[in-house]
Amino acid sequence: MKLPLSLLNSTMPSGSGSLVWFRKGLRIHDNPALEYASRGSNYVYPLFVIDPHYMEPDPNAFSPGSTRAGINRIHFLLESLHDLDLNLKKLGSRLLVLKGEPSQVLIHCLKEWDVKKLCFEYDTDPYYQALDNRVKNYASTAGIEVFSPVSHTLFNPADIIEKNGGRPPLNYQSFLKLAGEPPWASSPLSVDLSSIPPVGDVGSCEILQVPTLKELGYVEKDQDEFTPFRGGESEALRRLRESLSDKEWVANFEKPKGDPSAYVKPATTVLSPYLKFGCLSSRYFYQCLKDVYKNVKRHTSPPVSLVGQLLWREFFYTVAFGTPNFDKMKGNKICKQIPWNVDDKLLAAWREARTGYPWIDAIMVQFVHWEKGRDVFERLLIDSDWAINNGNWLWLSCSSFFYQYNRIYSPTSFGRKYDPNGNYIRHFLPVLKDMPKEYIYEPWTAPLSVQTKAKCIIGRDYPKPVVSHDSASKECRRKMREAYALNQKLKGLVSEEDLKKLGSKLDEDEDEGQEPNPRRKRQKLIN
């Protein structure tokens, strides 16, 4: 829907104008780009561009959403934009929404609105780095001042890399030593703006309101089907206050301790989606945590504390920024080269919660090629973050950072340790809600009479396990051991031909070591 030009102060005379380009950083508090744009300007244009690359519906995707994002994350983003618009209106401004390829839209607006200052939060993601360079190149030739502060992270990753001789630190402790305290931490952050200069003449630009899902081309779902996490700065700050109100909990927070099966009251702050979209400033969160620590007798420390969790985020951002092809195996210098198995059926079974392992199906965890698993998480997670998502998959696949490939969590005993009754499974897999607790983690072992009474016949109402965990984990360890040996022998310089040869050898060894089984190929573990 196009806004009436009268609401956009279109009759105002032209003057010194600043444009604030929102991407992440969807907030008013601790927003240096917005604050700088407001300083000394007659007009400020707060702009968000609907990027088809991110938000256009993809009819061929495996679930509703765009090519890159599931519908829940898009819905969260729209809520965040709506909240940002409301908060801007309280300060005498509003959010201007346009649609198109962002760099083209930005350059058109810079010309149309006679902008003197272009302000946007610095972004380390490769996609935005490329966009930003195109826009900055135009601004430079047009004599437009560009202000792009680092405020999405606690540190400027480039500074950490420079301190380390031009290379990103590859372990957490090294990162901590290099980083120290953030340079801004000794002074209070600017978290309040009393007003923002009004929006100036928008010329011929077709300004939109924040669209609905339907206006973007999606089928509206019932509100109950969406995630319970509402988007926006207002909700982020409310959740932050709620988390910080329990100072003892904040002081004693220790990850990975905590119940991973807790879903009514999670064992964490659940602030990650708000940090991802910048509805909550990580810097403000950091300062609030430090204030709590000052007023308690003792508290946990990194890497397990809440501040430690923020610093893990910084670690992954730094390594991602300093590592070409960080999101790939090939061409990634810090990633071990491993001949992963590829089985689209098993991948779909994991993605669609059909592995036959209730704990796995309830939380979507399985051994897969890390790029494949990363793609699923990148699309479906509300808090999907390029650096952190890729970093965690590299870590947990033992491709980088963490190399203890012998540590394999059981899909049955791990969950039972925290939730012996299987309440988490019963909540997220209602088909198993009546299964007795002694069988809830391994329902295929239940006698048929028990399955019948529970109204869940394994193989009909709920799938049989897609693999034998015992044999699959042994196979995984064997293959990883040989892949590690090859990487060590060749000092990481493993070619595609080397990978093919190793893959063939592993398959031959497997054939020689097992009885013929027509189902073996289907049941092979995806690593």
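Backbone N, Cα and C define each Cβ position, glycine as well.
Annotated features in TrEMBL:
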type: BINDING; residues: 268-272, 309-316, 383-385; note: FAD binding site
type: DOMAIN; residues: 16-154; note: domain 'Photolyase/cryptochrome alpha/beta'
type: REGION; residues: 504-527; note: region 'Disordered'
type: SITE; residues: Trp340; note: site 'Electron transfer via tryptophanyl radical'
type: SITE; residues: Trp370; note: site 'Electron transfer via tryptophanyl radical'
type: SITE; residues: Trp393; note: site 'Electron transfer via tryptophanyl radical'
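Cβ crowding, taken as the number of other Cβ atoms within 10 Å, peaks at Phe316 among the recorded positions Trp312, Phe316, Trp340, Trp393.
It is 20 Å from the Cα atom of Val270 (FAD binding site) to that of Trp393 (site 'Electron transfer via tryptophanyl radical'). Of all the Cβ atoms in the protein chains shown, 20 others lie within 10 Å of the Cβ of Leu310 (FAD binding site). Remark: Thr268 (FAD binding site) has Lys255, Gly258 as non-local neighbours, by Cβ distance under 8 Å and separation of at least 6 in sequence. Of all the binding-site residues listed (Val270, Ser272), Ser272 sits in the most crowded Cβ setting, with the most other Cβ atoms within 10 Å. DSSP states for the domain 'Photolyase/cryptochrome alpha/beta' (16-154), grouped as helix (H, G, I), strand (E, B) and coil, give 58 helix, 30 strand, 51 coil. Separating the Cα atoms of Trp340 (site 'Electron transfer via tryptophanyl radical') and Trp393 (site 'Electron transfer via tryptophanyl radical') is a whole-number distance of 14 Å. There are 22 other Cβ atoms within 10 Å of the Cβ belonging to Glu314 (FAD binding site). On the 0 to 100 pLDDT scale, the model's mean across the domain 'Photolyase/cryptochrome alpha/beta' (16-154) is 95. It is 17 Å from the Cα atom of Ser272 (FAD binding site) to that of Trp393 (site 'Electron transfer via tryptophanyl radical'). Taking the Cβ of Ser384 (FAD binding site) as reference, residues of its chain lying under 8 Å away and at least six apart in sequence are, in sequence order, Ala69, Arg73, Lys276, Phe377, Glu378.
Note: the CA-CA distance between Glu314 (FAD binding site) and Trp393 (site 'Electron transfer via tryptophanyl radical') rounds to 16 Å. A Cα-Cα distance of 18 Å separates Leu310 (FAD binding site) from Trp393 (site 'Electron transfer via tryptophanyl radical').
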